[in-house]
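Please read the structure below before turning to the comments.
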């Protein structure tokens with residue numbers, strides 16, 4: 001895959017929106033945040049028919065930490081009329097947030113009229129009744145939007161666990177939020193849901209006479225098992241409710257569920273798919289729509305990992321020759337979650353014995369009766385590094401591995417390993433490519449992950465302040 005400089009191309013909307021190209025990351029090399037933001041605004045952010053979005057920001061004082069004055073952003077996503085065509089999947093964490101508990105109930109409601117997202121506080125395990133707080137805000141928003149009731153509002157929260165949301169401050173700022181609604185661009189919403197994210201994430205495709213637009217946030221506490229972080233996918237095509245729900249479950253499985261930043265599954269993970277019911281849909285085109293939906297979700301997954309907290313490299317692990325999908329994904333997750341391998345990649349260190357260790361750790365724990373030792377072949381950057389039960393290494397190969405990892409770097413660390421500003425835009429869509437053929441079956445999958453750097457520790461040691 002070659003990467004093009006955005007400035008070298010004409011700004012033709014038809015050229016850039018033909019397809020999402022998410023399976024290879026963004027096809028462009030961005031030289032600045034301004035160039036990336038211009039690309040999103042000009043070529044990705046147009047809303048499907050029948051949607052509007054808004055954001056508003058305000059200051060508040062957390063009751064659990066009055067010494068830490070904070071800022072909250074509320075983001076509103078609204079179909080032109082309440083719609084019965086909506087789907088959602090949520091975290092499987094045993095301590096789900098109050099918004100997740102409310103959201104699961106919303107799936108049984110006949111219609112959805114709005115999605116409300118707040119940053120800074122996740123409303124998880126908060127004393128005093130997190131569900132009641134979420135419902136109170138939903139009821140008040142419903143009044144401002146003239147909906148039938150709060151049951152038509154889906155709440156989502158992201159941020160600090162254990163704090164209670166500032167209901168009074170949120171309710172006070174709802175009128176301004178509603179006033180800010182606009183139907184041109186999803187970019188304000190993509191920016192509004194960010195927390196430790198360094199840049200907004202938008203993917204879109206025109207398909208079947210309509211449009212799909214997706215946004216997502218998430219940079220840490222990421223290893224989903226049902227959904228991931230917060231992601232909102234909008235379409236104007238009138239696809240039946242039961243079909244949307246089946247499609248979302250299927251697509252999430254090998255996109256969002258096949259990535260990991262730090263192995264920690266959030267208590268608030270939510271993915272929604274909502275139709276504004278504006279454009280008739282021919283069910284004969286369902287496969288085409290599913291392919292486009294998969295592209296959008298995979299693209300957002302790649303964007304999330306590329307903006308993982310402290311990330312200097314993104315690893316793409318392709319596992320083949322497995323006996324089952326579970327085995328393939330398990331091997332891939334074991335590799336991208338290995339702290340030793342993640343550190344080696346961060347340092348452009350070709351210590352690939354750690355890669356073999358990570359595969360063996362998983363297989364020895366979960367599939368000890370399957371002998372892969374002399375059947376497995378591993379490549380990094382297209383170079384064979386393990387075959388016939390032995391490492392294949394020499395000075396020339398190690399030099400190629402170092403060059404491959406350096407070429408995939410997102411940022412050049414400053415002296416001491418820390419970079420104060422980090423990367424606030426994705427400079428390219430390259431990966432540290434790892435291919436693992438287990439040689440015992442026909443199942444295959446792809447898993448994404450990042451390296452482990454000083455910045456990750458610094459960010460998470462100082463998150464609340």
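Any Cβ shown, glycine's included, is placed from N, Cα and C.
Annotated in Swiss-Prot:
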- 195, 217, 228, 309, 460, 465: substrate binding site (BINDING)
- 228: active site, nucleophile (ACT_SITE)
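Swiss-Prot feature annotations superimposed on the structure.
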residue	record	DSSP class
195	substrate binding site	coil
217	substrate binding site	strand
309	substrate binding site	coil
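Of all the Cβ atoms in the protein chains shown, 28 others lie within 10 Å of the Cβ of residue 217 (substrate binding site).
Every protein chain shown contributes to the tally, and the Cβ of residue 309 (substrate binding site) ends up with 25 other Cβ atoms within 10 Å.
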